[in-house]
Amino acid sequence: MALAQAIIPAGWPQSYSLRDGDKFDFIVVGAGSAGAIVAARLSEVPHFRVLLLEAGGDPPPASVAPSLFGTLGHTEYDWDYKAYLDKNIGTVHPGRAIYMTRGKMLGGSSSNNYEVYSRGVPEDYDEWGQVAKGWDWDSVLPYFKKFEGMKDPNITENPDHQDLHSTDGPVLVTRPETNSYFNEVNDIILKSYEEMGMKKILELNGPDNLGVSRPHFTFANGRRSSTAEAYLRGKERYNLKIVKYARVTRILIDDLTSRVYGTEVFVSGKKINVFANLEVIVSAGAIDSPKLLMLSGIGPREVLTPIGIKVIVDLPVGKNLQDHHYTPIVFTGQRSLHSVVQNLLVPTELDSYPVPLQSGFFRVDKGCCSQRPQFQIFNVRIGATASPIILFGFRTITNFDEYFSYSVSKANVDREIDITSVINVHPRSRGEVTLKSSNPFDDPVINMGYFRDEEDVETTFRGLKFMLLYSNTTYFRKVGGKIAKLDVRACNHLKWGTDQYWRCYVRHAVGSMLHPVGTCEMGPYGVVDEKLRVYGVSGLRVADASVMMTIPSGNTNAPTMMIGEKAADLIKADYNALYQDKYFI
């Protein structure tokens, strides 16, 4: 079904033939999780002429089929950036580099992410609202609901949950039925979590902030519900022009008035200028939005001046980089060829999710006042004998070194394994995105900054210690399961299993959930105001994950789509066009 859906005529929009000097009311840079929404929603206003510029092309069949996300990294559909860790951090990664996969196609990273639908919790947004008016939970919930098309009747028919959700938004959200073997695995693991004191809940976006469940996903009917699928495919409009393979290299700013009037674009092998009568909206993501602003003279003086870029506005662009980092733990389960069955079932789940996946939120601090999660977990069960695939995945997808990757795969030779990712959802450390040079075709310099704040080591260690109790639950005792001893060279001089060892492990076995945010921070001391307008210039906004002040408690794709929806309404309101023609979405 998935393959059939993926290879049928795609219906992606045609690429407009852009010419030097073309004029539009709005130019949107980037057709990703936010940008595709901003452009589509602005074009609901019939008299707005909107141009959407995307550096990539159409999503391939491997993007459309829900279960093939792992094949898209290091291809033409990926910006294929490397991000770097500080000295003595993450040494399991050769060169202390992690692969910062970013979608380079219509839909951006919503077209190549792992499709988990997670919004965070109300306290995340109430924290935003204290800094930027209009971004508290009560203000943003309508925008989550605006894009959400929840298709799970367990949610939509439950009176305690239905008010938090919507059934008629364009982004389809499901929790598909799985085969009986996957169901058995899910039950075993969720019951083990309950033994540990974690509550089993109906969903991860409901009234309970803490608990474990199977997640919801952004796919349905055999197709990924990316923003390209939900907002652009089959929805051609006379007033929305989309240009693919269009690389924006500079924002055009009038020297005298500091007004933005267009963009410089490389398309079809040549450089042209296109003009905006009203605004340019940058939605290139938390890596490329700050890069584009800095190339255009908006950014920190100490970054721009040494590489010969004239400073137009000195703003903290590229700073405040946050990400969800994870610590992997591997648990060995039963030694039995029975578990190989799971691997044989993977091809039958091409229109769904390829492995049994469980997720949840928990706290280790049991204080009186907060139910805000400290940790998120994802657990993947893999049947025995998948070792070659594990070795390949850890080496090529996440850039773990051969020693660490081999030790994970070795644990799976004759036993099923659970790979559990423990995620510190509110890290205190900050990294930065800077420029290598003034050449727009050079990759940006991405420094993740993990564990610059020592408290993140301690917090993550405490979450990890709690999750190690998983090996002592009924099922794992019954099958003789253990915590696998993984080969982290920087920690081999320490006694395995001691607190000292695990603190070392936290520092060195770190990985990225690929959730970069915050590099064009919203707020009075940031880059944009509460209407997402860039300080110091007019006619320019940023609308994507880069405007987040602090990272939410879950995956960042849904919050980024929310920002796209809210941004469109903010813009419409500024031009007295806050209405919706029933002809459109």
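Glycine is treated like the rest: Cβ placed from N, Cα and C.
The model shown is predicted, which means the values in this text are computed figures rather than measured ones.
Taken straight from TrEMBL:
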BINDING   ASN113, TYR114, GLU115, VAL116, VAL248  FAD binding site
DOMAIN    285-299  domain 'Glucose-methanol-choline oxidoreductase N-terminal'
BINDING   CYS368  substrate binding site
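Through the fold, the domain 'Glucose-methanol-choline oxidoreductase N-terminal' (285-299) approaches residues 29-30, 32-33, 79, 81, 100, 102, 108-109, 248-253, 309-315, 317-318, 321, 433-435, 438, 440, 444, 446, 516-520, 527, 534, 536-537, 542, 544-546 of its own chain, all at least 6 residues removed from its boundaries and within a Cβ separation under 8 Å. In the structure as shown, the Cβ atom of VAL116 (FAD binding site) sits within 10 Å of 20 other Cβ atoms. Taking H, G and I as helix, E and B as strand and the rest as coil, DSSP gives the domain 'Glucose-methanol-choline oxidoreductase N-terminal' (285-299) the counts 11 helix, 1 strand, 3 coil.
Proximity of TYR114 (FAD binding site) to non-local residues of its own chain (separation of 6 or more, Cβ distance below 8 Å) is seen for PHE69, given in sequence order. Cβ neighbour count for VAL248 (FAD binding site) (all protein chains, 10 Å cutoff from its Cβ): 26. Neighbour counts of Cβ atoms within 10 Å were compared for the binding-site residues ASN113, GLU115, and the top value is held by ASN113.
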